[in-house]
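Features of the protein shown, as given by TrEMBL:
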- 49: active site (ACT_SITE)
- 52: active site, nucleophile (ACT_SITE)
- 262: active site (ACT_SITE)
- 206-212: region 'Linear diubiquitin binding' (REGION)
- 237: site 'Linear diubiquitin binding' (SITE)
């Protein structure tokens, strides 16, 4: 039994424990944490197992959810695996973490269940009014390993669907965000099929999310992901937004990274900041 999201810890206390030395890197990290501490009082460590970007983003989104996002309300959501499979035969090569040998033809029902689970959990947590109760419900969900990984499978599938939409929009001459060109400009993901084979199928197994995939996650969730990138302290990229031109009405979640590989979450916004 491993904790997916550790209990709160004072952010500067955490920083002092982690970054003791006097190297330029340690000094930069301490400055970075000091800047975050202007806005947030505490940090919660996220378990690092190549799912940490999903875990940190989803935990933050659910912790502050007050309603079910429109795209999760859609009737078509549960039909998604079936509809995509009918159009794209290659999706049969989708890999499930829990069932690595199973092919997509047999698992579209399972993906459908994961999408329904995502909707159900999001709905239940967003309806909890009391902040302490809401936090407890999130903690409980992220202690249930089977449910947690099912939710990540749902997120990965939503990312694939978003990638397909963006790819088709671009092919049909519609405007797409800049990151979409970058996503498909990679040798390893020049189309959604390659993206699935070389990237999405590996997330959680052999690798985490690359930067350009953070944009894709943000688009799939219709959330702005704001990241304090501590090693970029005192540069323009210290606070990076995915996407960098977010929609006005997208909610914002905040993460912290020291290296663009592992993500933790800042919690307890300082009172002045809230005002």
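Including glycine, each Cβ sits where the backbone N, Cα and C put it.
Keep in mind that what you see is a predicted model, and the values were worked out from it rather than measured.
Of the candidate recorded positions, 49, 52, 237, the one lying closest to residue 262 (active site) when CA atoms are compared is 52. Counting only same-chain residues 6+ beyond the ends of the region 'Linear diubiquitin binding' (206-212), those with a CB under 8 A from a CB of the stretch are 50-54, 179, 182-183, 186, 199, 242, 260-262. Compared over the recorded positions 49, 237, the count of CB atoms lying within 10 A of a residue's CB peaks at 49.
Other Cβ atoms within 10 Å of the Cβ of the residue listed as 'active site, nucleophile', summed over all protein chains shown, number 23. Here residue 237 (site 'Linear diubiquitin binding') is positioned 25 angstrom away from residue 49 (active site), judged by their C-alpha atoms. Between the alpha carbons (Cα) of residue 237 (site 'Linear diubiquitin binding') and residue 52 (active site, nucleophile) lies a span of roughly 21 Å.
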